[in-house]
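What TrEMBL annotates here:
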| type | residues | note |
| --- | --- | --- |
| TRANSMEM | 12-30 | transmembrane segment |
| TRANSMEM | 42-62 | transmembrane segment |
| TRANSMEM | 99-119 | transmembrane segment |
| TRANSMEM | 131-150 | transmembrane segment |
| TRANSMEM | 170-188 | transmembrane segment |
| TRANSMEM | 195-213 | transmembrane segment |
| TRANSMEM | 225-257 | transmembrane segment |
| DOMAIN | 281-470 | domain 'STAS' |
| REGION | 355-380 | region 'Disordered' |
| COMPBIAS | 364-380 | compositional bias 'Polar residues' |
Amino acid sequence: TYKAIIENIGDTNPATIIMSAICIVILYIVKVQVNTRFKKHLKIPIPVELVVVVIGTLASHYGHFHDTYGMKTVGKVPAGLPLPKIPSFRDATDNFSEAIIVAVVAFAQSVSLAALMAKKHHYRIDSNQEFIAYGVSNIFGSFFSCYPAAASVSRSSVQESAGGKTQLTSVFSAALVLVVILVIGPLFEDLPNCVLSSIIVVALRSMFMQLFQLRKLFHVSAYDFVIWIVTFVSVVVFYVDIGLWVGIGFSFVTVVVRTQVAKARILKKIDPVNAFADESKYIKTRGFSGIRIVGFNAPLYFANGDLFLRQVYTLSDTKPERVRKQIKRLGSISEFRRQSSLKSLESISSFRSARSDTSTRSSNPGSSLEENGFLPTSNDLAPMGRPIDTSMADCGYVHHIILDCSSMCFIDTVGGKILKQLCDDYKSIHVTVLLACICDQAWSVLEKTKFVEKYGDVTYMTVEDAVTAARLASPAEEPENIHM
(Lines of atoms letter the chains of each structure in order from A and count residues from 1; the text may use other names and numbers.)
(Lines give C-alpha, C1' and ligand atoms only; values in the text may rest on other atoms or scores of the structure.)
Protein backbone atom coordinates (compact mmCIF):
# COMPACT_ATOMS: atom_id res chain seq x y z
CA THR A 1 0.00 0.00 0.00
CA TYR A 2 2.69 2.52 0.97
CA LYS A 3 4.77 1.55 -2.05
CA ALA A 4 1.81 2.15 -4.34
CA ILE A 5 1.13 5.52 -2.70
CA ILE A 6 4.72 6.68 -3.19
CA GLU A 7 4.98 5.39 -6.76
CA ASN A 8 1.68 6.95 -7.86
CA ILE A 9 1.72 10.17 -5.85
CA GLY A 10 2.61 12.08 -9.02
CA ASP A 11 -0.61 10.89 -10.66
CA THR A 12 -2.81 12.44 -7.98
CA ASN A 13 -5.96 14.10 -9.34
CA PRO A 14 -5.77 17.86 -8.52
CA ALA A 15 -9.57 18.16 -8.55
CA THR A 16 -9.83 15.46 -5.88
CA ILE A 17 -7.22 17.20 -3.70
CA ILE A 18 -8.98 20.56 -3.98
CA MET A 19 -12.41 19.13 -3.16
CA SER A 20 -11.00 17.09 -0.26
CA ALA A 21 -9.29 20.18 1.15
CA ILE A 22 -12.49 22.23 0.90
CA CYS A 23 -14.54 19.52 2.62
CA ILE A 24 -11.98 19.03 5.39
CA VAL A 25 -11.78 22.77 6.11
CA ILE A 26 -15.58 23.11 6.21
CA LEU A 27 -15.99 20.05 8.42
CA TYR A 28 -13.24 21.17 10.81
CA ILE A 29 -14.54 24.73 11.16
CA VAL A 30 -18.14 23.68 11.82
CA LYS A 31 -17.40 20.65 14.03
CA VAL A 32 -14.54 22.04 16.11
CA GLN A 33 -14.97 25.80 16.02
CA VAL A 34 -18.78 26.06 15.89
CA ASN A 35 -20.39 22.90 17.32
CA THR A 36 -17.82 22.51 20.10
CA ARG A 37 -17.41 26.17 21.05
CA PHE A 38 -21.10 27.02 20.97
CA LYS A 39 -22.41 23.71 22.26
CA LYS A 40 -24.35 25.40 25.07
CA HIS A 41 -26.09 27.78 22.69
CA LEU A 42 -27.04 25.19 20.04
CA LYS A 43 -30.07 23.02 20.75
CA ILE A 44 -28.78 20.45 18.27
CA PRO A 45 -25.35 20.30 16.62
CA ILE A 46 -25.17 21.36 12.99
CA PRO A 47 -25.27 18.14 10.86
CA VAL A 48 -22.35 19.34 8.75
CA GLU A 49 -21.57 15.81 7.46
CA LEU A 50 -25.03 15.55 5.90
CA VAL A 51 -24.73 19.06 4.47
CA VAL A 52 -21.34 18.27 2.91
CA VAL A 53 -22.65 15.02 1.41
CA VAL A 54 -25.68 16.73 -0.13
CA ILE A 55 -23.70 19.69 -1.50
CA GLY A 56 -20.94 17.41 -2.75
CA THR A 57 -23.42 15.17 -4.53
CA LEU A 58 -25.24 18.10 -6.16
CA ALA A 59 -21.97 19.77 -7.22
CA SER A 60 -20.65 16.53 -8.69
CA HIS A 61 -23.93 15.80 -10.51
CA TYR A 62 -24.37 19.19 -12.14
CA GLY A 63 -20.67 19.82 -12.62
CA HIS A 64 -20.06 16.40 -14.20
CA PHE A 65 -16.98 15.90 -11.99
CA HIS A 66 -16.64 12.25 -13.00
CA ASP A 67 -16.55 12.93 -16.74
CA THR A 68 -14.85 16.33 -16.67
CA TYR A 69 -12.16 15.85 -14.01
CA GLY A 70 -12.01 12.05 -13.75
CA MET A 71 -13.11 12.18 -10.10
CA LYS A 72 -14.08 8.81 -8.61
CA THR A 73 -17.67 8.61 -7.40
CA VAL A 74 -19.74 6.06 -5.48
CA GLY A 75 -21.27 4.72 -8.68
CA LYS A 76 -24.29 2.52 -9.03
CA VAL A 77 -25.85 1.47 -5.75
CA PRO A 78 -27.95 -1.69 -6.15
CA ALA A 79 -31.43 -1.37 -4.69
CA GLY A 80 -33.22 -3.96 -2.57
CA LEU A 81 -32.16 -6.56 0.00
CA PRO A 82 -30.78 -10.03 -0.68
CA LEU A 83 -33.11 -12.93 0.03
CA PRO A 84 -32.22 -14.98 3.13
CA LYS A 85 -30.62 -18.35 2.49
CA ILE A 86 -28.78 -20.97 4.48
CA PRO A 87 -25.05 -20.25 4.35
CA SER A 88 -22.84 -22.71 2.51
CA PHE A 89 -20.29 -24.72 4.48
CA ARG A 90 -18.52 -26.01 1.40
CA ASP A 91 -15.30 -24.09 2.03
CA ALA A 92 -15.56 -24.05 5.82
CA THR A 93 -12.54 -26.32 6.38
CA ASP A 94 -10.33 -24.25 4.06
CA ASN A 95 -11.25 -20.97 5.73
CA PHE A 96 -11.40 -22.15 9.35
CA SER A 97 -8.07 -20.64 10.43
CA GLU A 98 -8.83 -17.35 8.68
CA ALA A 99 -12.25 -17.27 10.35
CA ILE A 100 -10.63 -17.59 13.78
CA ILE A 101 -8.26 -14.71 13.00
CA VAL A 102 -11.12 -12.54 11.73
CA ALA A 103 -13.19 -13.31 14.84
CA VAL A 104 -10.36 -12.48 17.26
CA VAL A 105 -9.31 -9.30 15.47
CA ALA A 106 -12.92 -8.12 15.04
CA PHE A 107 -13.72 -8.70 18.70
CA ALA A 108 -10.47 -7.13 19.93
CA GLN A 109 -10.99 -4.04 17.78
CA SER A 110 -14.65 -3.76 18.75
CA VAL A 111 -14.07 -4.08 22.50
CA SER A 112 -11.11 -1.66 22.32
CA LEU A 113 -13.27 0.92 20.57
CA ALA A 114 -16.13 0.33 23.01
CA ALA A 115 -13.75 0.79 25.94
CA LEU A 116 -12.42 4.00 24.40
CA MET A 117 -15.92 5.41 23.97
CA ALA A 118 -16.92 4.26 27.47
CA LYS A 119 -13.96 6.07 28.98
CA LYS A 120 -14.68 9.21 27.00
CA HIS A 121 -18.37 9.34 27.97
CA HIS A 122 -18.04 7.90 31.49
CA TYR A 123 -19.95 4.63 31.33
CA ARG A 124 -19.07 0.94 31.71
CA ILE A 125 -19.16 -1.89 29.19
CA ASP A 126 -19.56 -5.63 29.67
CA SER A 127 -17.14 -7.45 27.36
CA ASN A 128 -19.13 -10.69 27.71
CA GLN A 129 -22.29 -8.91 26.58
CA GLU A 130 -20.37 -7.44 23.65
CA PHE A 131 -19.15 -10.91 22.73
CA ILE A 132 -22.71 -12.30 22.73
CA ALA A 133 -23.96 -9.35 20.66
CA TYR A 134 -21.33 -9.84 17.95
CA GLY A 135 -21.96 -13.59 17.89
CA VAL A 136 -25.72 -13.17 17.44
CA SER A 137 -25.18 -10.48 14.80
CA ASN A 138 -22.87 -12.70 12.78
CA ILE A 139 -25.21 -15.68 12.99
CA PHE A 140 -28.16 -13.57 11.80
CA GLY A 141 -26.10 -11.82 9.12
CA SER A 142 -24.79 -15.09 7.70
CA PHE A 143 -28.27 -15.77 6.25
CA PHE A 144 -28.06 -12.54 4.22
CA SER A 145 -24.45 -12.86 2.97
CA CYS A 146 -23.32 -10.05 5.29
CA TYR A 147 -19.75 -9.20 6.14
CA PRO A 148 -18.59 -10.23 9.65
CA ALA A 149 -20.05 -7.77 12.16
CA ALA A 150 -17.58 -5.60 14.05
CA ALA A 151 -17.29 -2.04 15.26
CA SER A 152 -15.96 0.44 12.72
CA VAL A 153 -13.52 3.03 14.04
CA SER A 154 -14.39 5.52 11.30
CA ARG A 155 -18.18 5.09 11.43
CA SER A 156 -18.26 5.09 15.22
CA SER A 157 -16.17 8.26 15.28
CA VAL A 158 -18.47 9.93 12.74
CA GLN A 159 -21.56 8.94 14.72
CA GLU A 160 -20.05 10.07 18.04
CA SER A 161 -18.85 13.37 16.63
CA ALA A 162 -22.31 14.00 15.14
CA GLY A 163 -23.79 13.90 18.65
CA GLY A 164 -24.96 10.28 18.90
CA LYS A 165 -25.13 9.12 22.54
CA THR A 166 -27.44 6.08 22.82
CA GLN A 167 -28.23 2.91 20.89
CA LEU A 168 -31.24 4.70 19.45
CA THR A 169 -28.76 6.48 17.19
CA SER A 170 -27.84 3.14 15.65
CA VAL A 171 -31.52 2.37 15.09
CA PHE A 172 -31.97 5.62 13.15
CA SER A 173 -28.70 5.03 11.28
CA ALA A 174 -29.78 1.51 10.29
CA ALA A 175 -33.24 2.78 9.27
CA LEU A 176 -31.67 5.53 7.16
CA VAL A 177 -29.28 3.07 5.50
CA LEU A 178 -32.26 0.80 4.76
CA VAL A 179 -34.13 3.70 3.15
CA VAL A 180 -31.02 4.58 1.13
CA ILE A 181 -30.65 1.00 -0.06
CA LEU A 182 -34.29 0.63 -1.01
CA VAL A 183 -35.14 4.12 -2.31
CA ILE A 184 -32.49 6.84 -2.23
CA GLY A 185 -29.45 4.76 -3.27
CA PRO A 186 -29.48 5.82 -6.94
CA LEU A 187 -29.37 9.50 -5.91
CA PHE A 188 -25.87 9.02 -4.42
CA GLU A 189 -24.29 7.66 -7.61
CA ASP A 190 -22.53 10.98 -8.26
CA LEU A 191 -21.24 11.42 -4.67
CA PRO A 192 -17.42 11.78 -4.86
CA ASN A 193 -15.50 9.24 -2.79
CA CYS A 194 -13.19 11.99 -1.55
CA VAL A 195 -16.13 13.62 0.27
CA LEU A 196 -16.69 10.45 2.29
CA SER A 197 -12.94 10.19 2.93
CA SER A 198 -12.85 13.78 4.21
CA ILE A 199 -15.66 13.03 6.67
CA ILE A 200 -13.73 10.03 7.99
CA VAL A 201 -10.44 11.97 8.29
CA VAL A 202 -12.04 14.76 10.31
CA ALA A 203 -13.98 12.28 12.45
CA LEU A 204 -10.71 10.52 13.30
CA ARG A 205 -9.18 13.77 14.54
CA SER A 206 -9.75 12.74 18.17
CA MET A 207 -7.87 9.50 17.47
CA PHE A 208 -4.92 11.38 16.01
CA MET A 209 -4.95 13.78 18.96
CA GLN A 210 -3.90 10.86 21.18
CA LEU A 211 -0.39 11.36 19.84
CA PHE A 212 -0.14 14.46 22.01
CA GLN A 213 -0.87 12.33 25.09
CA LEU A 214 2.26 10.23 24.61
CA ARG A 215 4.45 12.53 26.70
CA LYS A 216 2.04 12.24 29.62
CA LEU A 217 1.77 8.48 29.10
CA PHE A 218 5.56 8.16 29.20
CA HIS A 219 5.74 9.92 32.58
CA VAL A 220 2.94 7.73 33.95
CA SER A 221 4.23 4.38 32.66
CA ALA A 222 7.20 3.83 30.37
CA TYR A 223 5.99 0.28 29.69
CA ASP A 224 2.57 1.45 28.46
CA PHE A 225 4.30 4.08 26.31
CA VAL A 226 6.48 1.47 24.60
CA ILE A 227 3.49 -0.87 24.11
CA TRP A 228 1.56 2.00 22.49
CA ILE A 229 4.44 2.85 20.15
CA VAL A 230 5.11 -0.77 19.12
CA THR A 231 1.42 -1.50 18.49
CA PHE A 232 0.92 1.76 16.58
CA VAL A 233 3.94 1.24 14.34
CA SER A 234 3.00 -2.43 13.75
CA VAL A 235 -0.54 -1.51 12.70
CA VAL A 236 0.69 1.27 10.41
CA VAL A 237 3.48 -0.77 8.83
CA PHE A 238 1.76 -4.14 8.56
CA TYR A 239 -2.00 -4.02 9.09
CA VAL A 240 -4.59 -4.08 11.85
CA ASP A 241 -4.63 -7.85 12.41
CA ILE A 242 -0.85 -8.31 12.45
CA GLY A 243 -0.40 -5.12 14.44
CA LEU A 244 -2.80 -6.32 17.13
CA TRP A 245 -1.02 -9.65 17.43
CA VAL A 246 2.35 -7.88 17.68
CA GLY A 247 0.95 -5.54 20.33
CA ILE A 248 -0.52 -8.39 22.38
CA GLY A 249 2.69 -10.41 22.13
CA PHE A 250 4.84 -7.42 23.08
CA SER A 251 2.62 -6.64 26.08
CA PHE A 252 3.20 -10.20 27.32
CA VAL A 253 6.94 -9.67 26.92
CA THR A 254 6.76 -6.50 29.04
CA VAL A 255 5.03 -8.50 31.79
CA VAL A 256 8.01 -10.86 31.89
CA VAL A 257 10.42 -7.91 31.88
CA ARG A 258 8.58 -6.26 34.78
CA THR A 259 8.95 -9.37 36.90
CA GLN A 260 12.64 -9.45 36.00
CA VAL A 261 13.18 -5.97 37.41
CA ALA A 262 11.00 -6.50 40.48
CA LYS A 263 12.54 -5.33 43.73
CA ALA A 264 12.37 -6.71 47.21
CA ARG A 265 12.00 -4.25 50.07
CA ILE A 266 12.76 -4.26 53.77
CA LEU A 267 9.47 -3.68 55.56
CA LYS A 268 9.01 -2.15 58.99
CA LYS A 269 6.01 -1.59 61.19
CA ILE A 270 3.89 1.56 61.08
CA ASP A 271 2.49 1.66 64.60
CA PRO A 272 -0.47 4.02 64.17
CA VAL A 273 -2.13 1.75 61.58
CA ASN A 274 -0.53 -1.54 62.61
CA ALA A 275 0.78 -2.17 59.09
CA PHE A 276 4.12 -3.07 57.53
CA ALA A 277 5.62 -1.05 54.69
CA ASP A 278 8.83 0.21 53.12
CA GLU A 279 10.43 2.59 55.63
CA SER A 280 11.58 4.95 52.86
CA LYS A 281 7.94 5.67 51.96
CA TYR A 282 6.66 6.57 55.41
CA ILE A 283 7.59 9.04 58.12
CA LYS A 284 7.33 6.73 61.13
CA THR A 285 8.43 3.09 61.03
CA ARG A 286 9.65 0.65 63.66
CA GLY A 287 11.91 -2.34 63.20
CA PHE A 288 12.64 -5.35 65.39
CA SER A 289 16.09 -6.40 66.48
CA GLY A 290 17.31 -9.58 64.81
CA ILE A 291 14.25 -9.79 62.55
CA ARG A 292 14.20 -8.83 58.88
CA ILE A 293 10.84 -8.47 57.10
CA VAL A 294 11.20 -8.71 53.31
CA GLY A 295 8.47 -7.94 50.78
CA PHE A 296 8.64 -8.90 47.08
CA ASN A 297 6.35 -7.01 44.71
CA ALA A 298 6.02 -9.65 41.99
CA PRO A 299 4.99 -13.27 41.47
CA LEU A 300 7.68 -15.84 42.23
CA TYR A 301 8.33 -18.11 39.27
CA PHE A 302 11.10 -19.59 37.13
CA ALA A 303 12.09 -16.29 35.46
CA ASN A 304 12.87 -14.32 38.63
CA GLY A 305 13.71 -16.99 41.20
CA ASP A 306 17.45 -16.27 41.24
CA LEU A 307 16.76 -12.53 41.41
CA PHE A 308 14.53 -13.12 44.44
CA LEU A 309 17.20 -15.14 46.22
CA ARG A 310 19.93 -12.56 45.63
CA GLN A 311 17.75 -9.70 46.83
CA VAL A 312 16.69 -11.53 50.00
CA TYR A 313 20.32 -12.37 50.77
CA THR A 314 21.36 -8.75 50.22
CA LEU A 315 18.52 -7.09 52.12
CA SER A 316 18.79 -9.40 55.10
CA ASP A 317 22.53 -8.71 55.21
CA THR A 318 22.91 -12.41 55.94
CA LYS A 319 24.30 -14.43 53.08
CA PRO A 320 24.32 -18.11 54.10
CA GLU A 321 27.52 -18.96 52.25
CA ARG A 322 29.43 -16.08 53.82
CA VAL A 323 28.02 -16.78 57.28
CA ARG A 324 28.96 -20.45 57.05
CA LYS A 325 32.57 -19.45 56.32
CA GLN A 326 32.61 -17.09 59.30
CA ILE A 327 31.15 -19.77 61.59
CA LYS A 328 33.77 -22.21 60.38
CA ARG A 329 36.52 -19.64 61.00
CA LEU A 330 35.22 -18.70 64.49
CA GLY A 331 34.53 -22.30 65.47
CA SER A 332 30.85 -22.11 66.51
CA ILE A 333 27.55 -20.37 65.89
CA SER A 334 27.53 -18.93 69.41
CA GLU A 335 30.89 -17.24 68.81
CA PHE A 336 29.61 -15.81 65.53
CA ARG A 337 26.56 -14.40 67.31
CA ARG A 338 28.71 -12.92 70.06
CA GLN A 339 30.99 -11.19 67.53
CA SER A 340 27.98 -9.84 65.62
CA SER A 341 26.48 -8.44 68.81
CA LEU A 342 29.78 -6.80 69.79
CA LYS A 343 30.02 -5.07 66.41
CA SER A 344 26.49 -3.75 66.79
CA LEU A 345 27.16 -2.51 70.32
CA GLU A 346 30.23 -0.66 69.07
CA SER A 347 28.12 1.06 66.41
CA ILE A 348 25.51 2.04 69.00
CA SER A 349 28.18 3.31 71.38
CA SER A 350 29.54 5.49 68.59
CA PHE A 351 26.02 6.79 67.96
CA ARG A 352 25.50 7.66 71.64
CA SER A 353 28.79 9.53 71.72
CA ALA A 354 27.67 11.56 68.72
CA ARG A 355 24.36 12.26 70.48
CA SER A 356 26.16 13.35 73.62
CA ASP A 357 28.33 15.78 71.65
CA THR A 358 25.29 17.45 70.08
CA SER A 359 22.85 17.28 73.00
CA THR A 360 23.70 20.82 74.15
CA ARG A 361 22.46 22.16 70.81
CA SER A 362 19.22 20.21 70.95
CA SER A 363 16.02 22.02 71.93
CA ASN A 364 14.84 18.95 73.80
CA PRO A 365 17.84 16.78 74.61
CA GLY A 366 15.91 14.55 76.96
CA SER A 367 13.80 13.08 74.17
CA SER A 368 16.49 10.94 72.58
CA LEU A 369 15.25 7.69 71.20
CA GLU A 370 17.40 5.41 73.32
CA GLU A 371 15.84 6.83 76.49
CA ASN A 372 12.50 5.43 75.35
CA GLY A 373 13.96 1.95 75.06
CA PHE A 374 14.47 2.08 71.29
CA LEU A 375 17.59 1.96 69.18
CA PRO A 376 18.41 4.50 66.43
CA THR A 377 18.44 3.82 62.71
CA SER A 378 20.81 5.15 60.08
CA ASN A 379 18.22 7.78 59.18
CA ASP A 380 18.52 9.26 62.68
CA LEU A 381 22.13 10.17 61.95
CA ALA A 382 21.47 11.63 58.50
CA PRO A 383 20.64 15.15 59.81
CA MET A 384 23.92 15.12 61.69
CA GLY A 385 25.81 14.40 58.46
CA ARG A 386 27.08 11.07 59.74
CA PRO A 387 25.33 8.23 57.85
CA ILE A 388 26.09 4.75 59.06
CA ASP A 389 25.36 1.26 57.74
CA THR A 390 21.69 0.32 57.95
CA SER A 391 22.50 -2.98 59.63
CA MET A 392 23.34 -1.03 62.79
CA ALA A 393 19.67 -0.26 63.24
CA ASP A 394 18.86 -3.86 63.97
CA CYS A 395 21.41 -4.44 66.70
CA GLY A 396 22.87 -7.93 66.62
CA TYR A 397 22.74 -10.93 64.37
CA VAL A 398 19.67 -11.87 62.32
CA HIS A 399 17.82 -14.89 63.69
CA HIS A 400 14.51 -14.60 61.80
CA ILE A 401 13.63 -13.55 58.24
CA ILE A 402 9.95 -12.97 57.46
CA LEU A 403 8.75 -13.02 53.84
CA ASP A 404 5.64 -10.95 53.15
CA CYS A 405 4.02 -12.92 50.30
CA SER A 406 0.96 -10.69 49.92
CA SER A 407 2.23 -9.30 46.58
CA MET A 408 3.02 -12.74 45.16
CA CYS A 409 -0.13 -13.32 43.13
CA PHE A 410 1.15 -16.74 42.09
CA ILE A 411 4.05 -19.12 42.65
CA ASP A 412 5.01 -21.85 40.20
CA THR A 413 6.82 -25.12 40.92
CA VAL A 414 10.22 -23.47 40.49
CA GLY A 415 9.13 -20.76 42.93
CA GLY A 416 8.25 -23.48 45.45
CA LYS A 417 11.72 -24.97 45.05
CA ILE A 418 13.26 -21.53 45.51
CA LEU A 419 11.45 -21.11 48.83
CA LYS A 420 12.63 -24.58 49.89
CA GLN A 421 16.21 -23.64 49.01
CA LEU A 422 15.88 -20.39 50.94
CA CYS A 423 14.61 -22.14 54.06
CA ASP A 424 17.29 -24.86 53.83
CA ASP A 425 20.11 -22.36 53.31
CA TYR A 426 19.14 -20.27 56.32
CA LYS A 427 18.40 -23.31 58.44
CA SER A 428 22.01 -24.36 57.95
CA ILE A 429 23.15 -21.18 59.75
CA HIS A 430 20.40 -21.32 62.42
CA VAL A 431 18.24 -18.58 60.88
CA THR A 432 14.51 -19.28 60.65
CA VAL A 433 12.50 -18.18 57.60
CA LEU A 434 8.81 -17.41 58.16
CA LEU A 435 6.20 -16.87 55.43
CA ALA A 436 3.15 -14.64 55.84
CA CYS A 437 0.10 -13.62 53.78
CA ILE A 438 0.26 -16.49 51.27
CA CYS A 439 -2.61 -16.32 48.75
CA ASP A 440 -4.75 -19.39 48.04
CA GLN A 441 -3.27 -20.06 44.59
CA ALA A 442 0.27 -19.92 45.91
CA TRP A 443 -0.67 -22.10 48.90
CA SER A 444 -2.04 -24.75 46.54
CA VAL A 445 1.28 -24.88 44.67
CA LEU A 446 3.26 -25.03 47.91
CA GLU A 447 1.11 -27.97 49.02
CA LYS A 448 1.66 -29.87 45.77
CA THR A 449 5.42 -29.24 45.84
CA LYS A 450 5.55 -30.68 49.41
CA PHE A 451 6.73 -27.35 50.84
CA VAL A 452 3.84 -27.23 53.31
CA GLU A 453 4.52 -30.80 54.36
CA LYS A 454 8.11 -29.90 55.28
CA TYR A 455 7.77 -26.24 56.34
CA GLY A 456 4.11 -25.87 57.21
CA ASP A 457 4.93 -24.67 60.71
CA VAL A 458 6.64 -21.50 59.38
CA THR A 459 3.59 -20.09 57.58
CA TYR A 460 1.37 -17.44 59.15
CA MET A 461 -1.80 -15.60 58.19
CA THR A 462 -0.38 -12.10 58.74
CA VAL A 463 3.00 -10.44 59.09
CA GLU A 464 2.05 -9.38 62.60
CA ASP A 465 1.55 -13.04 63.59
CA ALA A 466 4.93 -13.95 62.11
CA VAL A 467 6.66 -11.09 63.96
CA THR A 468 5.06 -12.17 67.25
CA ALA A 469 6.18 -15.76 66.70
CA ALA A 470 9.71 -14.63 65.79
CA ARG A 471 10.02 -12.44 68.88
CA LEU A 472 8.78 -15.23 71.14
CA ALA A 473 11.24 -17.68 69.58
CA SER A 474 14.19 -15.27 69.50
CA PRO A 475 17.25 -16.36 71.49
CA ALA A 476 17.03 -13.22 73.68
CA GLU A 477 14.53 -10.41 73.50
CA GLU A 478 16.40 -7.26 72.51
CA PRO A 479 15.26 -3.65 72.34
CA GLU A 480 13.43 -2.46 69.25
CA ASN A 481 14.54 0.38 67.03
CA ILE A 482 12.44 3.16 65.65
CA HIS A 483 12.74 5.64 62.81
CA MET A 484 10.81 8.86 62.89
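Don't overthink the numbers, they just go from 1 along the chain as shown.
The backbone N, Cα and C atoms fix where each Cβ goes, glycine too.
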Interface-richest range of 12-30, 42-62, 99-119, 131-150 toward the transmembrane segment (225-257), CB pairs under 8 Å: 99-119
Whether the transmembrane segment (195-213) meets the transmembrane segment (12-30): three or more C-beta pairs under 8 angstroms: yes
Same-chain residues near the transmembrane segment (42-62), Cβ under 8 Å, at least 6 residues beyond its ends: 19, 23, 26-27, 30-31, 34-35, 71, 73, 158, 162-163, 187-188, 190-192, 195-196, 198-199
